[in-house]
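Step one of this worksheet: look at the structure below.
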Amino acid sequence: MWGCPLGLLLLLLAGQAALEARRSRWRRELAPGLHLRGIRDAGGRYCQEQDMCCRGRADECALPYLGATCYCDLFCNRTVSDCCPDFWDFCLGIPPPFPPVQGCMHAGRIYPIFGTYWENCNRCTCHEKGQWECDQEPCLVDPAMIKAINRGNYGWQAGNHSAFWGMTLDEGIRYRLGTIRPSSSVMNMNEIYTVLGQGEVLPTAFEASEKWPNLIHEPLDQGNCAGSWAFSTAAVASDRVSIHSLGHMTPILSPQNLLSCDTHHQKGCRGGRLDGAWWFLRRRGVVSDNCYPFSGREQNDEASPTPRCMMHSRAMGRGKRQATSRCPNSQVDSNDIYQVTPVYRLASDEKEIMKELMENGPVQALMEVHEDFFLYQRGIYSHTPVSQGRPEQYRRHGTHSVKITGWGEETLPDGRTIKYWTAANSWGPWWGERGHFRIVRGINECDIETFVLGVWGRVGMEDMGHH
């Protein structure tokens, strides 16, 4: 009793398949020709690559071609052609009836021979056979890395920072860091240990801006100046002078003063050492950022000299200095010189750093920056393994310096508790968490607990009264 309906069902299915086949044929016959404006990718090997030439009409004898479909069957050679570019030469042994496009196609536009466009950090050049050749440099903003980090359970989110788009990873390392690793003698300088009182317990969270409101300054932007040595030093000194003067002096100190005037074994926007920066702040001092503003974010060209020093001072006795030059910023009159006492190194111990930070203010830390750090947007950073299987040029790192401002803990959705440091970078407020980042605490992540420095602002009673 089921025979008749089953036969009818099979007949209907066969009819539907035939209709779909006719629709497919109609779509091909009604499609516009692929080469009406000339053959694009005239040197491409399509039929030849697959060793495919088909007789008559064979709709399955097809290959993808620049977002469309091309064919290697005899039927393609009709008035409105949808043949693959090498069909005539490879299958028929004759020249193609359409002229090759004199240039290369990209995003609907034809570029002339030797024309170029940029694909992120790589330049693509149109060559004579209508083919693009692109550089293969690792880019600072790597969309594949961003996806891999955000798919993984790493505790932080990555994203595209528009200021980094178009830069190579090598340029990021060269221009966005700039702290030269200290010499072995400096790395071996004696560590200072603080003393925790009996039964003293440090809080689980602390932020310098909460203990010293209005005395902790926001991050600046070093741009493409490899001057983190100057920016982090000025940032820590600014906060410490403000704290130790009890708010009587709250300067944002000038990184440019260090970049241009601290020239002994320093390279300005091409890198510098922390010990040299602190020596200069102790012996010479610097003015405020308003008085001597950052003069530009592109001071790293090897052929261009560091901008000349525009701030000079003289000794006043007892180590104090007085400016002998007017402010480079003619709109500012105050050219007060700010100084610090000798810098000291903290023990490479989590609690030692916490105690110092809580009692005396933000500290300066050296750290190793890896390729994924540039992509940080939010969360608790730790270096990820997403680039481990890639060539060495995709796995780069360099030395940087930052200002640690606090610490805390966070419980993740899986129940794990992660301890972290809060730190201020020098890439501007658009990067990370309003210019700051959090990084795993207690395991020396990226060597951030290896070389940590503190200092006292040089503040006398005359300074308190003067200000």
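Any Cβ shown, glycine's included, is placed from N, Cα and C.
Of all Cβ atoms in the protein chains displayed, 23 besides its own lie within 10 Å of the Cβ of Cys72 (disulfide bond). Following the DSSP three-state reduction, the secondary structure of Cys72 (disulfide bond) is coil. Swiss-Prot lists Cys53-Cys72 (among others) with the feature disulfide bond.
Residues or ranges marked as disulfide bond by Swiss-Prot: Cys70-Cys72 (among others).
Look at Swiss-Prot and you will find Cys70-Cys84 (among others) tagged as disulfide bond.
In the three-state DSSP scheme, Cys83 (disulfide bond) falls into the strand class. Sequence annotations record features per position, and here Swiss-Prot assigns disulfide bond to Cys76-Cys83 (among others).
Annotation for Cys91 (disulfide bond): same-chain Cβ neighbours under 8 Å, separated by at least 6 residues, are Cys47, Cys53, Cys72, Leu74. Annotation comment: Swiss-Prot describes Cys84-Cys91 (among others) as disulfide bond.
If you look up Swiss-Prot, you'll see 49-96 marked as domain 'SMB', on the strength of sequence analysis.
Taking the Cβ of Asn77 (N-linked glycosylation site) as centre and 10 Å as the limit, one finds 17 other Cβ atoms among all the protein chains shown. For Asn77 (among others), the entry in Swiss-Prot reads N-linked glycosylation site, with the evidence type sequence analysis.
Per Swiss-Prot, N-linked glycosylation site is recorded for Asn160 (among others). A coil conformation is recorded for Asn160 (N-linked glycosylation site) in the three-state DSSP classification, outside any helix or strand.
For 1-21, the entry in Swiss-Prot reads signal peptide.
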Do you know which of the disulfide-bonded residues Cys70, Cys84 has the most other C-beta atoms within 10 angstroms of its C-beta?
Cys84
At 10 angstroms around each C-beta, which of the disulfide-bonded residues Cys53, Cys76, Cys83 has the fewest other C-beta atoms nearby?
Cys53
Of Cys70, Asn77, Asn160, which recorded positions come within 10 Å of Cys83 (disulfide bond), going by C-alpha to C-alpha distance?
Cys70, Asn77
Residues with Cβ closer than 8 Å to the Cβ of Asn160 (N-linked glycosylation site), same chain and 6+ apart in sequence?
Val141, Pro143, Ile146, Leu375
Rounded to the nearest angstrom, how far is the Cα of Cys84 (disulfide bond) from the Cα of Asn77 (N-linked glycosylation site)?
10
Residue pair Cys84 (disulfide bond), Cys70 (disulfide bond) - Cα distance, angstrom, rounded:
5
Nearest-integer angstrom distance between the alpha carbons (Cα) of Cys76 (disulfide bond) and Cys70 (disulfide bond):
8
